[in-house]
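Listed in Swiss-Prot for this protein:
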- S14, S20, M21, S22, M99, Y100, N101, F102: FMN binding site (BINDING)
Amino acid sequence: MSQPITRILKIDSSARAESSMSRKLAQQLTEQLIAANPGAEVVSRDVSGGLPFVTEEWIGASYTPADQRTEAQNQALALSDSLIEEVQAADTLVIAVPMYNFSVPATLKAYIDQICRAQVTFRYTEQGPVGLLENKKAYVVTVTGGTPVNSAADFVSAYMRQVLGFIGIKDVTFINADRIMVDPESILADAQQQIAAATEVAAA
């Protein structure tokens, strides 16, 4: 039996607002997860407006022990700390990812760089990196205009699975609305069926 969902972190990254299909599908998925888990809290994070890129100061601060950081270093990591706290507090992530030129939006990549922190969301071992954000579920809603998901040109799916696993989130379900420009009506209907199936499993 699935564990009840208590807090959902919904992450949007599309540059589009009202017309964004990834936003609409992610919202539908979130609403159905809430319906299956009454009382679940939702925290929304829209990264489309852009986040700071990682800088030399950020890197230096992140590798400095917390009790040895200067005030400037603490300020350099303040946003990263806040974003990581949101992820740590959630048991479920819903990530809306439109494909831009075969990959994820630059704003989403900037967000991911902010939350991938050594000794915070992953640690190095002799056997390789180990993720520290365990016991979480992620749903990745991907939308492409004309590129088939899991094709050689799809650099979204493998990347999202890899980076989520890197920080410890290995239970990942993809909701795919690929080639939406080819047949929008049928592709949307199929994505909604995927959402229904995923939320049915979550409620089981």
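From the backbone N, Cα and C atoms, a Cβ is placed for every residue, glycine too.
Model, not experiment: these values are computed from the prediction.
Distribution of Swiss-Prot features across the structure.
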residue : record           : Cβ contacts under 8 Å, 6 or more apart
S14     : FMN binding site : S20, S22, R23, S48, A96, P98, P105
M21     : FMN binding site : P98, V143, A177, I180, L188
M99     : FMN binding site : T142, V143, T144, G145, T147, D154, V156
Y100    : FMN binding site : A106
N101    : FMN binding site : none
F102    : FMN binding site : T147, A153, D154, F155, V156
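Take the CB of S20 (FMN binding site) and look out to 10 A: across all protein chains shown you find 19 other CB atoms.
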